[in-house]
């Protein structure tokens, strides 16, 4: 019992491609072609060979359950037949929505389009290349003088074929330069200014990505100079006021990309789209109902057509997709607004965080400065306290060493009248052999000597406990003794005895020598006085 043939709709995409190739060559109905393809394990080449060899019925259907043997090498007749099969690019099957998926075509790099011959072969073929170049220039000049000759020769040589043909003599360029060359030639050929047709100034892949990213319609226009309908289509349809207004209307959101199949990129695009008739125009748009990344053809126009028909067809196709695109645009706008709000919030948070960090840094600096000031103040106070303690100890020690004032019985004593810093007048006698350091020591220790005299009621300095001279301490007198008239300063550094330098009597003034430490002490005392007030 024969196995029933499956229907065409139940076939896989690869099986449908094999069926289309077999029927295009053998012109057989699907009811006959499907059983033969099943017997040949859906190998179109083997099925075509068996069909023309007349042994299509020699295979037993029972053998389909067994693994197929390796196919025998085809005969020369089969190879010649298969090599003559037109190799049209397999068209992508329609998706569930009935739309043809549009591929993203990246042109072949220029380095792969032209492969230079090895150097020895270039030397051998140089005369042939030179002769070919000369004839090409001559025929090019003749074709320039008589423009109808190239078209006539092309028509006689290749006939009117519907498939695209690429001019291999054109220099391959990158996509942007190719688009610029196409627009320049288009403007020169049809006498229009730049921008009359809003062609995208880039490659097909760039226009494809732009339309997909911005949810616009991509209008692809492919021209073939070899077809007689091209000039009429451009002048009467593409350059008509209705079509130009339709393409330039910003509400339509259209990106226009055009090319001639003489260029490699446009030729590859026509092959990928399965174009078999020119001039060709199609409308491509993002179709989210098919997939999140799908770009599909929603309208196609091949051959000559009027401007009204072209615009009407494209408008109807755009109207079917407008609601879906509007929803997707609204969704993207909402996502963009959400993203913008989130970015603003993150920016505000970053600014707030930066302000908090700046405040914390300033606070740390202020605390460090305050701690430094306190530490310096504490160290300065400790130094002053140590200096005051050592000075007091030195004064007690020095006061014990000051000799007692000579009595009235000493006739050669030196009488000195001193006016202290506070204005007090002090008169005292010193021994004739006493030195100037004795006089300075008395002035330095006068307050201590006077207090002890008041407490003990005697003029001699006596202490129960012996006071030692402070070690590592060098005392500096912060005053000097001056004779008012004539003014003379009695410096301690010059040394000598009191009698030798001043005489038997003298009237001296105690002048204070102000240093940096004394100025700081005076300022602190004034500040404390103002605070107390």
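Keep in mind that glycine also has a Cβ here, set from the backbone N, Cα and C atoms.
What you see is a predicted model, and the numbers here were worked out from it, not measured in a lab.
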Quiz item: TrEMBL lists region 'Disordered' for one of the ranges 486-509, 510-533; which is that range?
Solution: 510-533
Self-check item: Listed range which TrEMBL flags as region 'Disordered', given the options 6-58, 59-111
Solution: 59-111
Quiz item: Ranges 327-384, 385-442: which does TrEMBL label region 'Disordered'?
Solution: 327-384
Self-check item: Mean of the pLDDT scores, which run from 0 to 100, over the domain 'UBX' (409-487)
Solution: 80
